[in-house]
């Protein structure tokens, strides 16, 4: 009985040991399984961490690219920030030919301006460039130096035809650009010629046929030669430069430019320079440039006008405008002055009136013979003192040295035109100049537009007692002289017509003008009978006056009831 019990116990112990071994095996297997799962989890985690690192790396790379673009470090976007227009980068640092280097030194240049430092190297490398810089920043050398170097390296000769074309908005700017090009080409064998409206077309065609490697042109005349001068060899064109693109488009050359771009070879380098980046300029850049390097100059100036420029305006009744101008010019005969008018007829009339008033002046306007216009321009450029009466043909791009005063006798069409007009003075580092805008009381709200455009102007008062007492004498001269009387009528009509076409009609409304006072400013005792072809706007004026009344606006309260916007 006991033995059987013992055997039962032993058998029971064996079963227990068996079960425990089974449990241990199960536990061991479970542990191994758990360990395997953990290992797999670790591997998965490591893989995901690697992916995260890769993604983070890509994000960081993108952020670095964005930062580089914002900082102007990206190759396609060069933003130059600094004080003034000059840099400490020398022309010697460029890899230029000996001939060009000698010419630059002979011209008296050692250091580059900001637009030159940003544009010349990319252009030398054959890249397209879209340059944005204000007037007087040195854009001409920025594109002419690479143009001359390109012609030299490609070994262009007259038989190769034209390798570079430069398009300018005005004849005067084209003339000035050609002069600079001639100085740069002084020690080179390459040739330069100019094709502009007003010149003898046949002579231009002969020069082109003989082989002009560098052609400076205005849009209309260039298109004429491209379409009609069979001997014009432009199939080897390497580079097209569009200077003052915004002004070209403002002068309604958009259609001509599109035709020119269609005719010229597509495989070329293109450089486009513009003081302002309007929507039309961007459209032109889009169709003419390929992956351009953007060069944007920020010279650290808060003002949009030149640094050394003092700007003011005076409010004068219409009938006293002419007397004020004569008095001012007589007191400043030893200065170099440019006076801007809205029309050619007005320039012609005031030139005659100044002669009668013993004020020696010269004049430039679009209706002049080109030879006389060119001579007048260069005479005024070289003069240390003198008075030039002009239209806006002289408002852009021209580098006229040492201009003391810019007088805007007729107000500009918009703030940008004001900026370009006053840009003829205080040009270059450390230069000084003054500008005066003449307004009648009805035009005073124009100051709001200028201040919104960050143009700092202050009101200047004039002493009526010091004005020349010549009004009645001038009226008698105009009444007696048939030719002068006709010229005065034409100028009066042209002034009103230009006024009526003004873009800022909320300010420059011809129906608000006191025609008797306007007539007096053209030396008439009463308004002359002229056909103006101006639609009546009396109803609109009455409505506008009511609206102005609600807001407190008037010619004598240009800011209305609300506080005027502070100048930035």
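Keep in mind that glycine also has a Cβ here, set from the backbone N, Cα and C atoms.
What Swiss-Prot lists as ATP binding site is 133, 134, 135, 136, 137, 138, 139, 140, and the listing cites sequence analysis. DSSP assigns residue 133 (ATP binding site) to coil, not to a helix or a strand.
Positions annotated as coiled coil by Swiss-Prot: 13-78.
Look at Swiss-Prot and you will find 1-13 (among others) tagged as compositional bias 'Basic and acidic residues'.
The compositional bias 'Basic and acidic residues' annotation in Swiss-Prot covers 23-47 (among others).
Swiss-Prot lists 1-70 (among others) with the feature region 'Disordered'.
The region 'Disordered' annotation in Swiss-Prot covers 540-568 (among others).
When pLDDT values are averaged over the motif 'Q motif' (89-117), the model yields 96. Residues or ranges marked as motif 'Q motif' by Swiss-Prot: 89-117.
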By a simple count of other Cβ atoms within 10 Å, which of 134, 139, the binding-site residues in the record, is least packed?
134
For the motif 'Q motif' (89-117), DSSP counts of helix, strand and coil?
16 helix, 5 strand, 8 coil
Three-state secondary structure, residue 138 (ATP binding site) (per DSSP):
coil
State the count of C-beta atoms found within 10 angstroms of the C-beta of residue 136 (ATP binding site), not counting that atom itself.
20
